[in-house]
Each structure stands twice: as C-alpha cells, then as structure tokens.
C-alpha cells in the first residue's frame, strides 16, 4: 500500500525558499522523496521578466507587419491580374461569336430614323422586349435604368445610353413606345420598325421571339430571350447579362469594360 504525504514545512530549515516535498511510503519505509522549489519572486516581477520589452521587440513587430502587408499586396495584385485576364478572354470569345454584326434601320419613339452608326462613340445598354409584357420586361428595364443611374452618379465615367428595341412591331408603334419609355428614364430610347426590320436586328443579336395565340380580346404574349446587351463606343457587342445578374453586378462589369477600352476604329 502506497501512502502519499504532502509535507510543505518539512524542509524549511534546509531550503529557505520553502520547497514542497512529496513522500511515498510503503508500510513504514520511505520509497522516494520528491520536491520542487517555489520561486521567491513576486508574481509581478515574474510577469515583467517574461514580457519582451525594448526597441528590438518593436522592430520585430514592425518587420512582421511589413512582411504581412507585402504578402497581402502581392495577393491582391495577382488576383486583379487574374480577373483582368479572365475578362479579356471572355471579351475575345464574345467578339468571335459575331453577335450584333451589321447595321440596322429602325424608328425611335419620336419618329426619327435610327441606325447603328448613330450610337457610335457611346456605351449602350440594349434590351429587347415589348410594351405589353406583364412583368419581366418592366423588371429588366428598371434594372437597366438603375445601372445607368448608378454610373451617371460617378464622376469621370462616360455616359451610357439605354435603348429598348421591341419584338412586337404589330402593336409597338412609335407612339406606343413613347408612352412606355417615359415611365423609366428620360434618356431611354425606344426603337421600333416593320416586322422585317425587327426580324433583321433580332437575328443580328441572336434574340429569340415568338408571338403566342391571341385571346378573345386579341391580346397575346410574346415569348422572347431575356438579356441586356452591352455595346462599346465602337458599336461592338462587348458583353451580355442574364436575368440573374443584379444591377450592381452589371454596373461593376460595365466599369471593368470601360477602364481598359481603346477604340479600334481610329
């Protein structure tokens, strides 16, 4: 049987720092004596000795901070370069898709003839829809307008021209377009034309549309592609944004396209 005895005062005459001893007994025989000294320093003195002090410690902290800042800056630069390369590859792929090639001839909502060259030198956000659309077209046009307004509020950015082209020329006359676009933005330009003219421009931008059956009131819905197109000041198709893209995401993308833009027509 082992008996453990805690003897804090047994060695005070031999050791002035008052060790605490542990004695192991078996019967009346001592098997082992173990002890440890207690420091005679006050807790405050121990804490001050363990705490690094002086200019060498501050120098190490400064070097560590500078090293971390350097690594962070290098990571951000590499990330920006990667995003720029991805954007360039996407732009090149979209250009090779040959979307928006050729010219078009339409009427704006004021009755004036319009062609693609009229928008040369301007960034354009373009949407295809129809004025009798119950919900999707108004939602997408409101989103397009929010993008335009957000970019307008930033000094130094070139203006963006919003354009709405109908896929329902039978009902969307110039007068109907004028009544419709005034509810969105003062610079929103509505474009319409004959069935052949609308078919030509939709083929150029690869827009699908199909009029549904008419009801007893001769009303009908037009099924069509949902996308906002970005055209550069050279008149070239630059990017597109589906319904899932938010106004903030589109505005960010437009800024990224604006920053490195250099005209290829001069």
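Every residue, even glycine, has its Cβ placed from backbone N, Cα and C.
Sequence-distant neighbours of residue 137 (Cu cation binding site) (same chain, 6+ residues apart, CB-CB distance under 8 A): 127, 129, 130, 131. Here TrEMBL flags 133, 137, 224 as Cu cation binding site.
Listed in sequence order, the residues of the same chain lying 6 or more apart from residue 133 (Cu cation binding site) and placing their CB within less than 8 Å of its CB are 221, 222. Marked as disulfide bond by TrEMBL: 133-137.
The Cβ of residue 224 (Cu cation binding site) has 21 other Cβ atoms within 10 Å, all protein chains considered. Within 8 Å of the centroid defined by the CB atoms of 133, 137, 224, the record's Cu cation site, lie the Cβ atoms of 128, 129, 130, 136, 140, 167, 222, 226, excluding the listed residues themselves.
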